[in-house]
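What follows is a single structure, written as structure tokens, with notes after it.
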Amino acid sequence: MMGSISDSSCFNVFDLCAAKPGNGAARSSNSTYLQWRVTTGAGRNVFSFKCGGQQRTVLVERVNGNRKENRNLERSVPNGGYRKTREANVVSHRPPTSVLFSEGPFIDNSEDSNNDILQSFCSHGKLIEASNLIDVMSRKSQVPHFTTCVNAIRGLIKVGRLEKAMKVLQVMVMSGGVPDIITYNMLVGGLCKKGQIRAAMDVLEDMGLSGCSPDVITYNTILRRMFDHNQYDQAIKFWKDQLRKGCPPYLITFTVLIELVCRHCGAERAIQVLEDMSVEGCYPDIVTYNSLINSTCKEGKYEEATYIIVELLSRGMEPNSVTYNTLLHCLCIHGHWDEVDEVLSIMNETSNDATVVTYNILLNGLCKNGLLDRAIDFLDQMVSRECTPDIITYNTLLGTLVKEGMTDEALNTFQSLRRIGCSPVLITYNTLIDGLAKKGDMEKAMALFIEMNEHGVSPDDITFHSLVAGFCRVDLVIEALEMLKEMGRRNRKIRTSTYGVVIQGLCKNDKVEIAIEVLDMMVSSRCRPNEIIYTTLVNGVAAAGMTEDAMKLRNKLIERKVLKEGLDIA
């Protein structure tokens, strides 16, 4: 364990004076150097003794058979609970305003009283005082309330007082308490975070002795921290040692270890460790290999990924859809289309039919690389193979069609959604409305806006901004202003850029007074533009050939102390 409480005893230890000759002169045999007497009563023994001429008094609670029986009953309460006896407490439940680091304030208290104080300390956040009291109780052989100990340990860990937390944990375990796995994992995590890996490993060793075995989180935390500190060989040896000590061959921990080895040391080393672990009774499964393939593909190491697949096949395993989808995802990201075709061919030959996830990966990669025609071909292939597209499929394709300005084709694709029972979502509507608004087709954009409201899809600020900007683009500034007011009625957040588009549109159409009203609306909604925005708007009005209107706007802004006097219009 982390240490021992060798100073724990039923009574306090006193250094009694031994007979010492003074200045070489022997004392008379009739003189008693150590004189003492015992006074009993009220369940206590009072020892008074003289040592070297000094009078000392020691108060010790008497423990009889009945008291021991009561203590045993108290300690047997399930879950580390603590049952209070009927004995009156000799101290207030309120924690002392100041606590000495010695035993002074608590040495004469009963176990019940000290536990009441302990719980009060923890409930008031006095963690250091609580840990000091637990230390005092341990020296008096008093059992601290286990649930309170756990709370104190967790609190001390959170504030970084790990040494105190470990000491409280030690007292709790020595007193018969069993901390839970969450508390232990918090301590292990805190130690690893501070780089104290050796101490974390010691805690792990102690866990089994205390009755709380480590779990995958405990092992994973230590392994990850070892790799963070470049302790690769130590991490591998650590896991081997745990297996040899009887640790269950947790597949999750094994997979984490192999993935870390692959990431830091390469696939060849990972396969070597994988084979070594088989001797220890830890065997990989398809999840382990998929994790390795994912790790190597993310780094663009396709040759290593191929090496792992060969190893997978040599063990009599078959790649599954996750294996192929992982490969396809990485190949699509890097634009390796020939390899994509090869993987798809292998899937067909091995009866691993492409799923909707597979097709979504392909469409996303093709669309991002501008290969729209091929993406549409895959969509047709998907439908012909009775693999129903989902909303992700359509959103991916619609986004690319709109980006390419193919809004009619996007609308046709959109209409097919409901025919296959696939309901559009907010991003679907926003994609189409934004594309139509940018092309100035506000009639179709508004039709979609009305439709989404009818189908219970609530528009957000992106929807409204697209419509406002679209109306201003075709000089329908009054409609843009109405849409802006609709946003206010629906308590939607209006962005500065949205206000700016409307104000600029109004000024462009010789509606400066209304623009000022919108500016007032903007300021009152706590969306206050800075001087640069105002100046940009004034100059925009002037650039549109409305110099006089620009001067009016500038003067009004100066009156409102938004712009400084003397500002020239560009």
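Even glycines carry a Cβ here, placed using N, Cα and C.
Quick look at what TrEMBL annotates:
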{"type": "REPEAT", "residues": "145-179", "note": "repeat 'PPR'"}
{"type": "REPEAT", "residues": "180-214", "note": "repeat 'PPR'"}
{"type": "REPEAT", "residues": "215-249", "note": "repeat 'PPR'"}
{"type": "REPEAT", "residues": "250-284", "note": "repeat 'PPR'"}
{"type": "REPEAT", "residues": "285-319", "note": "repeat 'PPR'"}
{"type": "REPEAT", "residues": "320-354", "note": "repeat 'PPR'"}
{"type": "REPEAT", "residues": "355-389", "note": "repeat 'PPR'"}
{"type": "REPEAT", "residues": "390-424", "note": "repeat 'PPR'"}
{"type": "REPEAT", "residues": "425-459", "note": "repeat 'PPR'"}
{"type": "REPEAT", "residues": "460-494", "note": "repeat 'PPR'"}
{"type": "REPEAT", "residues": "495-529", "note": "repeat 'PPR'"}
{"type": "REPEAT", "residues": "530-564", "note": "repeat 'PPR'"}
Same-chain residue ranges lying at least 6 outside the repeat 'PPR' (250-284) that approach it to Cβ under 8 Å: 216, 219-220, 223-224, 227, 230, 232, 235-236, 239-240, 243-244, 291-292, 295-296, 299, 301, 304-305, 307-308, 311, 315
Mean of pLDDT values spanning the repeat 'PPR' (530-564): 75
Secondary structure composition of the repeat 'PPR' (215-249) [DSSP: H/G/I, E/B, coil]: 26 helix, 0 strand, 9 coil
Positions whose Cβ lies under 8 angstroms from the repeat 'PPR' (180-214), at least six residues beyond its ends: 1-2, 150, 153-154, 157, 160, 162, 165-166, 169, 173, 221-222, 224-226, 229, 231, 238, 247
Cβ contacts under 8 Å made by the repeat 'PPR' (495-529) with residues that lie 6+ beyond its boundaries: 461, 464-465, 468-469, 471-472, 475, 477, 480-481, 484, 487-488, 536-537, 540-541, 544, 546, 549-550, 552-553, 556
